[in-house]
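Straight from TrEMBL, the features:
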- 60-81: transmembrane segment (TRANSMEM)
- 87-106: transmembrane segment (TRANSMEM)
- 127-151: transmembrane segment (TRANSMEM)
- 163-180: transmembrane segment (TRANSMEM)
- 192-210: transmembrane segment (TRANSMEM)
- 263-284: transmembrane segment (TRANSMEM)
- 305-329: transmembrane segment (TRANSMEM)
- 345-367: transmembrane segment (TRANSMEM)
- 388-408: transmembrane segment (TRANSMEM)
- 420-439: transmembrane segment (TRANSMEM)
- 540-562: transmembrane segment (TRANSMEM)
- 574-595: transmembrane segment (TRANSMEM)
């Protein structure tokens, strides 16, 4: 901003550079008005109650999900007249409907690409998109394995088992593209129709997740019975069915690779669908939402300053992978080997969980020593993160309390079962502490480092000389300009100070400069000491977040790849009965697995924001 005034002989020029934070509120209203007019409804006071549209779409999604869930259950228990082809036909139909809706949305967005659209800056983070892309790539490999499996067993499999992986592959590619481009959208046109389209996509992904969980669980149950027999639990005589094809494979080697490889890839497919459903749910919650326009602070991930946390976390990750490999090799070999494998797993898990509890307590203590306000603004993505943390943690808590009760009530106790008691207690405590740390971290306001004013420059030009009337930038940032000088700059009083060049003025200026130099030195020392303490706290918190991030990835690996002591322990089956306990494990384990991956994602965000 440049303002000039005064007579020609004594020009006076003021130059000010002031940062503008965010677009003005009026910059987006024409686009919003055009979008509302395109929808055929007025911008304010729409005739159709949008709250009712939200309720109607949510009920539609729930009924869609319940119908698919019942169909999945009927196939699992061999209900009369219901086969796997019926379930796959239902899922294929849902995916095709979602594909049509996504294509319609993408085409409409392409025609309106010049419009200024509202965006939710907190939704669809880049690291989350990268994660879901990685899982989608592995899901495409899984689909290719299923296609090869169908080709080898095509003589006795339904055509739907070949159509399903092809449709699912196309669905995966288009959905990842859709989430990359439109996960941040705040939809303001065709809101009623979009609510049904988005909620249909949410529950389609949930049903695909359920189907993956059931298929992977049935495979785990077949291996579980064989392991229990080696541990001496011979009274379990329930026969499990894996729905294997009733014909011979055309190429035995490829069939073995496909059938075994499919079950190692299912954990990634399961994570992909649950992440996609959460991102789509945030998109659904943002429909019709009024977004405040403000400058979003970028929070890139940096390895600098988290060396200690990364080193300890990588040690835990490496040791966990080794434990899982040994566990899968030893379990089921013999009774002695199985007991040693269980003991090894419990001791390692107890040590890791104890470290995680300690790290979480230290982080919470640091938060208690800080005086920083919480951000209570409405944010669907952040609210969903907190709800998922607590909700999915309930799965692990259910299994832990079941194990504790079984240990208390059991008649006989093998030695390895006693390690299950501290393990189950630590699982409950660790999730409780970690949830507190993550939820408080994502709700804390970030430190603002002078985002409002980038530069402030006031310059006077008088008879060829240039005098600076502005205080130092550091003084403006610390709010000390008026306090240190004890006076308001005369420019803002309406007087012109360029004529003060007499000797007395110069002497007073030198004296005031000397005094202010001492005051600035003392205040600078206190400022830098406070800044040093703050940086040390931030460094500790970043290392804790990095350590917990790698620990959660480590604890996700064992249950995702078949290392599940809740199955292999055997004590819970004796106390609760085989079928009841297996049902509990199959219901709770998917939530426990998802909790670890979701916690890792949340801790990654905490590390970036700290």
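Think of each number as a place in line: the chain as shown, counted from 1.
Yeah, the Cβs are placed from backbone N, Cα and C, and that goes for glycine too.
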With the cut-off at Cβ under 8 Å and a gap of six or more residues from its ends, the chain residues touching the transmembrane segment (192-210) are 48, 50, 53-54, 56-58, 60-62, 64-65, 68-69, 72, 91, 94-95, 97-98, 101-102, 104-105, 168, 175, 270, 273-274, 276-277, 280-281, 283-284, 287, 590
Taking the transmembrane segment (87-106) as reference, which of 60-81, 163-180, 345-367, 540-562 has the most Cβ pairs under 8 angstroms?
163-180
Among 60-81, 263-284, 388-408, 420-439, 540-562, the most Cβ pairs under 8 Å with the transmembrane segment (574-595) come from 388-408
Residues from the same chain, set at least six apart from the ends of the transmembrane segment (388-408), whose C-beta lies under 8 A from its own
278, 417-418, 420-421, 423-425, 427-428, 431-432, 435, 438-439, 566, 569, 571-572, 574-576, 581, 584-585, 587-592, 594-595, 598-599, 602
Relative to the transmembrane segment (345-367), the stretch among 127-151, 163-180, 263-284, 420-439, 540-562 with the most Cβ pairs under 8 Å is 420-439
